[in-house]
Each structure stands twice: as C-alpha cells, then as structure tokens.
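Pulled from TrEMBL:
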BINDING   31-38, 147-150, VAL176, 184-187  ATP binding site
ACT_SITE  HIS38  active site, proton donor
BINDING   GLN62, GLN153  (R)-pantoate binding site
BINDING   GLN62  beta-alanine binding site
Amino acid sequence: MIPVVKTIDEIREYVNKWHKEGLSVGLVPTMGYLHEGHKSLIDRAVSENDRVVVSDFVNPTQFGPNEDLEAYPRDIERDAALCESAGAAVVFNPEPEEMYDNALTTVSVDKITKVLCGKTRPVHFAGVCTVVSKLFNIVKPDRAYFGQKDAQQLIVVKKMVKDLNFDIEIVGCPIVREADGLAKSSRNTYLNAEERKAALCLSRGLSAGRKLIENGERSAEAVKNVVRGEIEKEQLAKIDYVEAVNAETLDNAETAEAPLLVAVAVYIGKTRLIDNFIVE
Ligand code: AMP
C-alpha cells in the first residue's frame, strides 16, 4: 500500500533520498477527495517524473470565515487508493498543526489576486500562495501540476514562482468534465439532484460564449452578455461574476482576443462553483 505520510520530517526523508539518487520529483498539490480531475494531474506527473508526491491537505488558511472548511469532504483512504493506482509514490497528508506551528509568515501576490475570485474570497490566494510555497520548500519538486479548472490560481502560482525565483516548472493541465459538461470538483458532492442539473448552466453559458468567439465576435462585452444571459436562465443560479480578462495580466479585456480568459463563479444554492475557458 502507498505510504501516507503525516510529518514534514518523514516526507523530507523520501524526497531527499530520491534527490540523492538523481531521481526527478513531481508534486501534485490537492485538498483531497480526489476525482478524475486530480487523477489527470497525477497521470501527467507520473509520465514526466521518476517519483510523484500527492499532497492531500484541506488548507484552513485559504478558507474565509464563512466558507466551507468544516463541511469540505474528506476521505484519505479512498484518496490513497486512487494515488496508488495512478502510480504516485507517496501521499503527504499533514494535520494543520504540522503545517502551521505558530507561523507568522505569509506569501501574498498583489493585484492579480484582487480580481475575479479574490473579490469574494479576499484571504483565499494568500492562503494558497503560502501553503504552495511551503509545499515547494518541503518537497522540493522539479515540477508541480495545477489544473486549468482553477485558472486564476494557476496564473497566480506561475507569477509567484517567477517573482520568488522558485526553481520549479509549473505545469498547467486541462479541465476534466463530467459527460454532461460539468467541470469535476470535490464541491459537486454538495449538490442535490435538482442543483446538479442547474449546475450545468456554467458550462452551457461558457460554451455559448466560446461559440460566439469562434463565429467571429470581437467584443468582450458581447461575449460576457451571452454567458451571463445563459446562466441567468437558470432559476437556482446566483452569479458571483462573469468576466473576460487578459489571461496573463487578468486586466479586463475589451476585445475577445487571445490570450483571453473567460471565467465565471456562480452560486447554485449554497455551493459556489467556478468554470472557465481560455482562448490561446
Ligand atoms: P483542489 O483539490 O480542488 O484544491 O484541486 C487540486 C488541483 O486539482 C488544482 O490544481 C485544481 O485545479 C485541480 N483540479 C481540480 N478539479 C479539476 C478538474 N476538473 N480538471 C482539472 N484539474 C482539476
């Protein structure tokens, strides 16, 4: 059975040994309750590295006070089985006390964390950047894998790595979806049957926006209006944002030209879901 390691010292023993042997190490940071989206990251990491570490840690510092930290689904045994079958070498599953032992230091990226999800989740990205920095220093991976599903997170992590000179390659991986289009997410487990149907408005709206661009639309405003209109048809949906931004700077886009990120966050009942597409 794949080892599930709880302490920083133990995980360091594994990776220090591998580095001494000249083996490359890939890291897949997750909050657990793993699904096919996470598995696609692990598969990619296994194909590109000699050894793969999956971190499985519901990071309290990236949740706001009224968010779903307590309710967030957890199942470390099932996660470990998935990691093993995907070919990972070890799972790092620390407790919050192990990661934050009276810590006073945070890592924050300015400007690009203040838009999109940063508006409704003001502490989120500092929590992400701090935990990802810590994981980078603990695991010292050659490469780390992040999903396009969390497009802003991927952009923020890339910027942090550049700004702080982490010698780590950041690999972005495409969004994995359910057969009907819903982006896979651990939070989909919160949805009841009616909400699950309603949640399709995100991917439906984005598809409509993408088609409009493919048919030659150049106004970002027109694209946003179509996405928004499609989502608003759904009674259970409450839009947090529908944005079209430059996919590198996250500045508002006037024209629907590459590199463009069209991103949405929508409440379906109490569950906040995100989805996006990129025009490259
Ligand atoms: P999470 O456990 O939700 O924090 O996600 C861990 C990593 O898996 C992040 O880099 C996510 O972007 C990625 N991920 C989550 N869902 C998907 C998905 N449906 N497709 C691709 N990557 C995903």
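From the backbone N, Cα and C atoms, a Cβ is placed for every residue, glycine too.
Reported as a whole number, the C-alpha separation between MET31 (ATP binding site) and GLN62 ((R)-pantoate binding site) equals 11 Å. Cα spacing between GLY37 (ATP binding site) and GLN153 ((R)-pantoate binding site): 15 Å, rounded to the nearest whole number. When Cα-Cα distances from SER186 (ATP binding site) are compared across the recorded positions HIS38, GLN62, GLN153, the shortest belongs to HIS38. Comparing the Cα of VAL176 (ATP binding site) with the Cα of every entry in HIS38, GLN62, GLN153, these being the recorded positions, the smallest distance points to HIS38.
Under DSSP, MET31 (ATP binding site) is assigned to coil, being neither helix nor strand in the three-state scheme. Rounded to a whole value, the Cα-Cα separation of HIS38 (active site, proton donor) and GLN148 (ATP binding site) is 11 Å. Classification of GLN62 ((R)-pantoate binding site) by DSSP places it within a helix.
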